[in-house]
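To keep things clear, I will list the structure first and then write my remarks on it.
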Amino acid sequence: MPSETVPLKIVARCRPLLESEQGSGKKVKVSGHNITLEHGGQENSFTFDNCYAAEVKANQIYRDSCDSLIQKALLGYNVTLMTFGATGSGKSYLMSGTYDDPGIIPCVNRSVFNSLEASKGKKEFFVTVSFLEVLDEKMLDLLNPHSDKMRVREHPQLGIYVDGLSELVVHSGEELAHLYEQGNRARKIGMTGDVGAHRSRATAIFFINIEQKDSSSKVGLRSTITQVDLAGIESADTSSSGKAVLEVIKASEQGGHVPYRNSVVTRLLQESLGGNAITLMFATISPADKSSHESLETLQNARRANRSVKNHVKVNLEETTSIISDLRDEITQLRSKVAMNNNNKDDVLRLGELIHDLQVAKRQTWEEKERMSAKFEEERKINLANKARCVSEQGILDWVMDTKKQGNKDVRERILLLQKEKDQLTLEYKRKREQINEMKEKLQTNIAAYSKLAESGQARESDTKQKVTAIHELKEKVKKETEQLKETKNRLKDVQDKLRAEKEAVQDQGQVKGNAELRQILEREERKRLEMEDHAVVVDELERVKLETQHQKAEIQMAVSQGRTYDQTEAMDMEMELVELRGEKSVVSLEIQVLQEEKMRLEKSLETAYKRQKEEMEIQQLQHFQTFRQYREMFEEQKTVLEQRYRNLLNDAIQDAVFLSTRNNELVQENQALKQEIAEQKDKLTALGGRAK
Ligand SMILES: Nc1ncnc2c1ncn2[C@@H]1O[C@H](COP(=O)(O)OP(=O)(O)OP(=O)(O)O)[C@@H](O)[C@H]1O
């Protein structure tokens, strides 16, 4: 199939000014395909395939500049999207983004399956992913952080690949996004052992391999979307992969040898930087004053890359079956040659290589990839959990929550909705509470003012009436608002209960069950929440009683000041009311006491449960340890027995050898003696013969 030569596409992206950089000045202007950067008092203009200012979101950049390339990938072309810029210029943000502002990779993940699913029925497709981090020339498998050695190798027909890197089969856009998120989280929480400043020197590469078969024809298409978050290209740091990419660009400009083999990343990007891939490079820059030198260098090097790196792209046909049969033919021929040429060293080495290539090609079948993927999936759960345990509890928690979320998308959505509802209700509740508090304060002030006026005995009837009406109205309002507050509170409680139930259901399915410490943290949080809720109820109740009492007092004062006398029935009613209020107060006090006792009881039972679980775990650990020790002792015993047996065998063999050697010597000597005797006999016979003559 003929190839087409295409230059590297360049998209310039200027990130926003950070809070810490405010006031440092904006040096970048973007207009259409042009970007202008001011440096050293001079304006430097560049024209690229596209240029984006800080306010443009990644999903728009994806739609404008990447979607057409992803559609090309679905037609069988390899496509690479890579960042290129200084540390802190916004490379990772652009590629990964955030929950609210998803980056390029999440957009690609979504688009790939949307498009593939649209062609369902006409085509069969098969998608796998791998996620790799390269730090200081060491490769780390982000989806399955194992410690087995990985190597960059080249297959004559399939191209460059990483031997030992997990390749997981994905069946949906959700799975794809989920694996990417998990790999990214593994990067973020430092599961792979890198921390702080080292991260800037790390390059992350997310591979999406797509194979498609037309239902009517046997030949399919194969393509790879390679998405690279490149390490910073600081000139001072000679070991970074960013720097190695820069060397490749410079060498391409000069012509001649291109040093792809100088670093793992350039080796892996060989096809993207001068081979069979359509490559888009995001030149990322910061608008800050202090970064203008680095920004200028980035844009200059991006222009260089656009002018000098030429890719030769073609549709990749899926030819595994013919590759396998070609390799088999070659191996058969070489085998006969090796047999005839008496194991010629070069032929034997070549035969070894061919057999390895055949094994790799055989692994390309969809069935084999599914089988391997299931194996990686099992391995990676163990590896990720182990790594997470070494890092932090939070890491485990994140990992666990995420696993469960993936297991049940509906639950995740329900939790999100409930969370949103809870936030809204909490806000409403707070607002209402504040309003009521203000009204209560006003009411108290009014009552106090009225009491003072009444006690002075100089109040005019119209004034008193007005004040009393105002107090009544306010009191009604407080009552109404308090009712509404109660209703909001009940709704909030309902939502909280539902949310808790959903979360508990999720937690029960996961590993939290086995993690006593983690469970204790959750239980403690839950207890604190309940205590606070109870406290709020008690405070509300007390306040209500206080307010009622004050109000009654004010009403009596008001009546007295109006010169009112009470008849016996009224006095009795009032007395009854007072008794009721007192009773109510003592009920609330009693409730507080009960709640406190309940709290203590719960605390105690939780402590006991925790202790019991801890003890059980310790016992289990001890049992495991004992079993392990028994096995080790058994193994040691068997080892000693075996060693003894081998030693005896060896001694026997040595003795046999010594005996045989001695016997051999004896036989040699006997042989010599016999030879001597024969010779002597011959001599004697010769002598006798002579005499007879
Ligand atoms: N579009 C954006 N909107 C808001 N903040 C951004 C944006 N782009 C980058 N940032 C912020 O700028 C800072 C640097 O970004 P980022 O970490 O992506 O840079 P980087 O080039 O990947 O750095 P490094 O090479 O150290 O990994 C971060 O605090 C990031 O949140």
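Note that Cβ sites are derived from N, Cα and C of the backbone, with glycine treated the same way.
As recorded in TrEMBL, the features of this protein are as follows:
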- 7-308: domain 'Kinesin motor' (DOMAIN)
- G85, A86, T87, G88, S89, G90, K91, S92: ATP binding site (BINDING)
- 317-344: coiled coil (COILED)
- 408-535: coiled coil (COILED)
- 578-691: coiled coil (COILED)
- Protein Cβ atoms within 10 Å of T87 (ATP binding site), excluding its own: 19
- Out of S89, S92, which has the highest number of nearby Cβ atoms, where nearby means within 10 Å of its Cβ, if these are the binding-site residues? S89
- Note on the structure: Sparsest Cβ environment (other Cβ within 10 Å) among binding-site residues G85, G88, G90 belongs to G88
- Among the binding-site residues A86, G88, S89, G90, K91, which have a Cβ atom lying under 6 Å from any atom of ligand 1? G88, S89, G90, K91
- Message: Quick check: with G85, A86, T87, G88, S89, G90, K91, S92 left out, which same-chain residues have Cβ atoms within 8 Å of the centroid of the ATP site Cβ atoms?
- Response: R15, T83, G232, T284, S286
- Per-region confidence, the coiled coil (408-535) (mean pLDDT, whole number): 76
- Listed in sequence order, residues with CB under 8 A of A86 (ATP binding site) and six or more positions away: G232, I233, E234, T284, I285, S286, S291, E294, S295, E297, T298
- Task: Identify, in sequence order, the residues in the chain of K91 (ATP binding site) that are 6 or more apart from it along the sequence and have a CB within less than 8 Å of its CB; answer 'none' if there are none.
- Result: T83, F84, G85, D229, L230, G232, F282, T284
